[in-house]
Amino acid sequence: MNIELANFELSSEALIGSLLALCALFALCRSLLVEDVICIPGKTKHSWKSIRILEKVCYCNACEILLTPSEGVFCNCCGICTHSTNECTKKIDNNFRCKDKWLRHEKSLRHLWVRGNLPVGGICAVCEHEIDYHATAGLFGWRCAWCHRCYHNNCYKSIDSRAECDLGEFRDMIFPPYCIVAARTRESMRLHLAAIKPPNIEGWEPLIVIANTKSGSNTGSDVVALLRGYLHPLQVMELGGRGPQDAMQWAAKASPRPCRILVAGGDGTIGWVLNTIYALNIKPIPSVAIMPLGTGNDLSRVMGWGSKPPQTLDPISILRNIKSARSVNLDRFDLQIEKLFYRLPIQRHPIKTVHIYNYYSIGVDALVTYNFHKTRESRFYLLSSRIFNKLIYFGFGTQQIVQRDCEHIEQKLDLYLDGHLVQLPELQSIIFLNIDSWGAGCKLCELSNADENNKVENSISDGMMEVFGLVSSFHMAQLQCGISKPVRIGQAKQIRVRISTLDRFRA
């Protein structure tokens, strides 16, 4: 009996210890794997990037020695520069503070002064003369990392360096650290974004930056690094695996105050962001600006943001263009895909809905785009650039001149425009346009209106789609060169396509 009692007591202790260990492991995993919160770092740390993207002469803030592009780094949050060696970076980390990500029980923000490495052509906020810091070797002048006001050394001595900072020219686009409420909850043990208290800033409409670092020429990371220095670092983010949902939390927390969103990416990234805004029902609906980093950039062309990113990324020009831009409405069409024929009497598949903002097509151009998409998703796709992507498009388009997978597409489907069946000529593709920019800037409506009395009027907010046809892959190349006209089919508010056979072409 004594032996059995001793065994029972030992088993109880082991059971209790195991339960405690499982509870601790569960709490740890829950805090590490939670995905529905935006983590706020408790300590301010510098984030180092190469000074190559600055395109200016820089000196180390630790040892005041001239930096070379190969060994120089800068903090993309506060702008302080140093050597990439551990000696200098450790000195900077210990002696120089970075931007605060959040401030508890504060209603204002003080200047964060950084010595030297001023922007080229900077104007002193006191004497209003240009600061030529290149005339003197080493660190010269002072700059606030928040408001970006610059001063000569002597002018800096005449101001109150501990005064409150008003965040400068772009104050209405910044989430001030004192407006961010960070907390730990039962759902997440990590410090995360709990709420946003709107600051007392006139016309405050903060900007959220979402950059796709994989788009086009991979300049998205440079956009993030440069804009973090002029805004709150946490409101500038890269597009991760979960998509734009994390960024949309900033807009949701700021509600009912409106937000602006800058999407640095291609047409696919923009559509992803717009779909997320719609799916999460963000109110008020944010205004979306575009920095074209993709291959086609059709929506950016129509909205006036250009066909490609600027050769030199100037964050001040980018933010000023966004401030001066006006908002316009853009139609969103719902493309519903339903399977009508089944080989076996099984349960019907649900209707799939896809949101359309630019255009969609059925036929040869869709097949070329689909083949390009499969190539870009391949593990062997290592080189990403706009020129290389266009060469891939050209290769797949040339292949269809010989192979002709989408020949006689008009015999494989029925097209209804506003309920009326349309008799189609011989085609290899049908294009449904919301914007007059297709295939990297080809204006089909404008080409169709050449030498025609009956003009086609295209609008991005009239609730109608324009329908055109392509005769062949070679016809597609002629349209890209502007030496041919598309086949005009019609306009409609409601379009129905009934595919009768499942031959080898893509929609």
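For all residues, glycine too, the Cβ spot is worked out from N, Cα and C.
Curation does not apply to TrEMBL; its annotations are automatic.
What TrEMBL says about this protein:
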- 110-165: domain 'Phorbol-ester/DAG-type' (DOMAIN)
- 202-339: domain 'DAGKc' (DOMAIN)
Between 0 and 100, where does the mean pLDDT of the domain 'DAGKc' (202-339) sit?
-> 90
Over the span of the domain 'DAGKc' (202-339), count residues by DSSP class, listing helix, strand and coil in order.
-> 50 helix, 27 strand, 61 coil
What does DSSP give as the helix, strand and coil breakdown of the domain 'Phorbol-ester/DAG-type' (110-165)?
-> 8 helix, 13 strand, 35 coil
